[in-house]
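Look at TrEMBL and you will find A:70-149 tagged as domain 'GHMP kinase N-terminal'. Under the heading ATP binding site, TrEMBL lists A:P90, A:I91, A:G92, A:L93, A:G94, A:L95, A:G96, A:S97, A:S98, A:G99, A:A100. As annotated by TrEMBL, domain 'GHMP kinase C-terminal' applies to A:211-284.
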There are 2 protein chains.
Amino acid sequence: MNESYYMEVTKKSYSSSANLGPGYDILSLGHKAFFDSVTVKHNNSNGVKIISNSTPEEPDKNTAGLSILKIMEDKGIKTGLDITIKKGVPIGLGLGSSGASSSAAVRSVNELLDLGMGKDEMVYYSMYGEIAACGSAHPDNVSSGIYGGLTLISSTSPVKVKKIDINYNFNLVLVIPDISMKNKTRYARSIVPQSIKMEEHIVHTSRISTMLYGFMKGDRDAIREGMNDDIVERSREAMFPFYRDIKEKVINRNAVSACISGAGPTMLIFADDKTRKDEMLGDIKNVMGSYNTDYSIRETGILEGLDDQ
Amino acid sequence: MNESYYMEVTKKSYSSSANLGPGYDILSLGHKAFFDSVTVKHNNSNGVKIISNSTPEEPDKNTAGLSILKIMEDKGIKTGLDITIKKGVPIGLGLGSSGASSSAAVRSVNELLDLGMGKDEMVYYSMYGEIAACGSAHPDNVSSGIYGGLTLISSTSPVKVKKIDINYNFNLVLVIPDISMKNKTRYARSIVPQSIKMEEHIVHTSRISTMLYGFMKGDRDAIREGMNDDIVERSREAMFPFYRDIKEKVINRNAVSACISGAGPTMLIFADDKTRKDEMLGDIKNVMGSYNTDYSIRETGILEGLDDQ
């Protein structure tokens, strides 16, 4: 029994917004709005025990538990573990809640058991948690919990992630509708078109390229041009009928751009010192009022990297 | 009659490779392998006269002539112009030949008539030449003739171009098959699928993003991962049956990557000091021999920008 037996390791993982318009299933941005914290320590059983303030406590139904079970299976680890999850990222709002728990758990276990996993391997295991959340595994939702910042999935098999530099100072504004939908992510994925026209593909490869160029070069206009999506966001408009109005209004108030955060309903606005924020918040109030939808606003910043966590 | 009446202006525009794998219709790379030079001066008629060593001499069937006629129409210019085209970029090989003539002509006229057009406006007019070449206008083929380097079409209406930094030292190797196909570009465009599956779209947005990240960061592995296309190149395989073999062989010899140049048949290989070039050239010889196809090799470098022209 080594000296780590009595140790415990706690890691935090923050909220994130996947997709960013044209980056469906490949981009994710970590931000500091909310966080989960996960503490891992040995116990005397030979199983995994989940202690949580909100998520399912059966390890095989819990995003963090599934990830840890997969690591232990693959690496032949038999020790018993208590995994204590304090959820701070609200569930079901498109804020990467399931990915936050699993990535924090994977990072904690990696340290406690001295597994020496690299970041891409941790992304790989973290995404197993997504199976619990939406029936299939998507590394985009967890990649920012492992890397921080803006992440690009460059390959899914094997999982490879590129961290994209952001050379622009944003104020992020999250508009979080008070809407709860059962099986939302599963439904949101099911209504995305199964095929698209070649012309749409060309337009959207141009947009994602322009947006990433904009982030890397700090080119406001390029980010604004690129962050538009007529495939995935368009297909989900009936789920979030207020979104087009909100986007039009915030662009008129000179926000840099806006998008649906993950599978929604939260909307992510990229604002800066050129944005007329007070008028923008007034417009948002009017639009959400016209749809009789309660909401909250959370202003936050980009999570730069693991050092913040 | 102003002092420019007796002047003449000559500009060179170089060869280029559009698409680069996943960047169909939006990316183009200028290189120094071949160039057209276009000289423009006033004449005593009130029309546009083309003098050329190879292209059609009717202005409305010539890529450069069409571009100049469009400028004169839009800007109400009535002067007569002699446009002398010396073609150096071979025609019909996927090397941006038509775009080279039109972009050189547009830049020459812009200077001769002191029109003060910006680069994106010159791209817009240059692409009118493409109508003559393949029946429709595509700004990607001309953008590198106006900007040099690696260009991204971020918008087609209005035309907007972003110049992408390349932070890696490449040796470019062009493999130029001795194949002539009538109406090649028109045919090559007609066989591209009209719709694609959503999963293909996701994979290819990831690839183009990874490739552009790689160019901007000088990340060899990312360029290698990203420069792969299973939509457009795949659909054209029957036109260039040797291409898959060539690509597999050059990757095995540790080229960075390879792609079809524009609508082919030329293939563009990105090599560097890690590439086993002699063995690679031997492999190419064997493959092309097995397809009974003559070819030439042209080694060149990236055209950095307008200063080179």
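Even glycines carry a Cβ here, placed using N, Cα and C.
TrEMBL feature annotations superimposed on the structure.
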residue: A:P90; record: ATP binding site; contacts (Cβ under 8 Å, 6+ apart): A:F34, A:S97, A:I176
residue: A:G92; record: ATP binding site; contacts (Cβ under 8 Å, 6+ apart): A:S180, A:M181, A:K184, A:T185
residue: A:G94; record: ATP binding site; contacts (Cβ under 8 Å, 6+ apart): A:S17, A:A18, A:I260, A:S261, A:G262, A:A263, A:G264, A:P265, A:T266
residue: A:G96; record: ATP binding site; contacts (Cβ under 8 Å, 6+ apart): A:S15, A:S16, A:S17, A:A18, A:S28, A:V89, A:N141, A:V142, A:S144, A:G145, A:G262
residue: A:A100; record: ATP binding site; contacts (Cβ under 8 Å, 6+ apart): A:S13, A:Y14, A:S15, A:S16, A:F34, A:F35, A:D36, A:V89, A:G145
Residues lining the ATP site besides A:P90, A:I91, A:G92, A:L93, A:G94, A:L95, A:G96, A:S97, A:S98, A:G99, A:A100 (CB within 8 A of their CB center) are A:S15, A:V89, A:G262
Simplified DSSP label at A:G94 (ATP binding site) comes out coil
A correct count of other C-beta atoms within 10 Å of the C-beta of A:S98 (ATP binding site) gives 31
The DSSP breakdown of the domain 'GHMP kinase C-terminal' (A:211-284) into helix, strand and coil residues is 36 helix, 9 strand, 29 coil
Confidence over the domain 'GHMP kinase C-terminal' (A:211-284), expressed as mean pLDDT on the 0 to 100 scale, is 97
Helix, strand and coil residue totals from DSSP for the domain 'GHMP kinase N-terminal' (A:70-149) stand at 45 helix, 7 strand, 28 coil
